[in-house]
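The structure under discussion appears below in the form of structure tokens.
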Amino acid sequence: MTTHNDKTLSMESRLTLSDKHTMPQLGLGTWRSEPEKVQNIVRDAILHCGYRLIDAAWVYQNEDEVGNGIHEAIEQSQGKIKREDIFVTTKLWNQHHTTEDVEWALRDSLKKLRLDYVDLFLIHWPVAFKNMTENLWSQNEDGKTRYFAENVTLVDTWKAMEKLVDLKLTRSIGVSNFSPSEIDEILKIARIKPSVNQIELHPYFNQHELREYCAHHNITITSYCPLSNLKRENERAEDVSALYNAVIQEIAQSKHKTTAQIIIRWHLQHGLSVIPKTVTQERLIENSGVFDFALSDHEMLEIDHLTQTNRRRFVNPPFRPADKPIFDD
Ligand SMILES: NC(=O)c1ccc[n+]([C@@H]2O[C@H](COP(=O)([O-])OP(=O)(O)OC[C@H]3O[C@@H](n4cnc5c(N)ncnc54)[C@H](OP(=O)(O)O)[C@@H]3O)[C@@H](O)[C@H]2O)c1
């Protein structure tokens, strides 16, 4: 496992993708960021805190406001920050996997974001729902049946994604929540290989095997749910999130840092890109305060080992037929 524990990491650190474009390592997530809050936080992230990677998605239903935040930052920077300085990711929703819908979906995201291109367009999930327009989950009214676009394969969708690069609507293309066998399907036919796999990854789910697979195929990983801070109903964050883990707390105390900062630093030292989400000003600053200290090899290993004792996947939606969860584990 590669670790980067020297002091060269910075807010400007970027990873080189397989297509030679580069991607900032630290970014801001926007899932569940309320439309009325996300505009200001995106603006402040770019304008005041040095964030250069914004992670969006069509299905988050806040791309208009994310776009407003990006444009406000560019305008208020008075020429210091340009569009090309910012790396914008967005994602293809499950309803839009057919050849025609793939292009429609990116054009719709671009319209909302008010951009000519995004830097990275990802297939959000390896599953194709029937396009039922406003009904994002493609379920019947009582929520008991989900409708799938049965004749659409991942290969069809990938070929449509490649065309978007030709059309210059996106610079890079990639996947999200894909397993090795799903990526293999694409690699067999790919003219442009997936540059990124965005996956759940945190100290309680370190994805060791999938990381090895992606490294072998030169696929960069973005860690989502990086703070493992997604409790279910009736759960307390203190009981489920690595933010409250005793090992991480001890490391944090010894370095006068917060546990969130220790976890974000752990992602960065593993050479991952990482997109913690917040709509809170103080946390925006806190989450970027991760470049004035380093974790030792021993501390990295201590955090790596937490998956053995506290293993937990937080995001596993019922997206397979018969409402089966998307992942088997
Ligand atoms: N590809 C996919 O399928 C997928 C799935 C999930 C997520 N994502 C992407 O990944 C991003 C991050 O994942 P996530 O939003 O699930 O989880 P996360 O970033 O691990 O956690 C976000 C939660 O932690 C809180 N938080 C942020 N900074 C904190 C800090 N320093 N101390 C304590 N709490 C803090 C936030 O609250 P406040 O906002 O109230 O501050 C929010 O409740 C998403 O926003 C999205 O862009 C992608």
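Any Cβ shown, glycine's included, is placed from N, Cα and C.
Automatic prediction, not curation, is the source of TrEMBL annotations.
Features as listed in TrEMBL:
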- 26-306: domain 'NADP-dependent oxidoreductase' (DOMAIN)
- Tyr60: active site, proton donor (ACT_SITE)
- Lys91: site 'Lowers pKa of active site Tyr' (SITE)
- His124: substrate binding site (BINDING)
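Cα-Cα distance from Tyr60 (active site, proton donor) to Lys91 (site 'Lowers pKa of active site Tyr'): 10 Å (rounded to the nearest whole number).
Note: the CA-CA distance between Lys91 (site 'Lowers pKa of active site Tyr') and the residue listed as 'substrate binding site' rounds to 5 Å.
Along the domain 'NADP-dependent oxidoreductase' (26-306), the predicted structure has mean pLDDT 97.
Within the same chain, the residues at least 6 positions away from His124 (substrate binding site) whose Cβ sits under 8 Å from its Cβ are Ala57, Trp58, Val59, Lys91, Leu92, Trp93, Asn94, Ser176, Asn177, listed in sequence order.
Of all the recorded positions given, namely Tyr60, Lys91, the one with the smallest number of surrounding CB atoms inside 10 A is Tyr60. Mapped onto three states, the DSSP output places Tyr60 (active site, proton donor) in helix.
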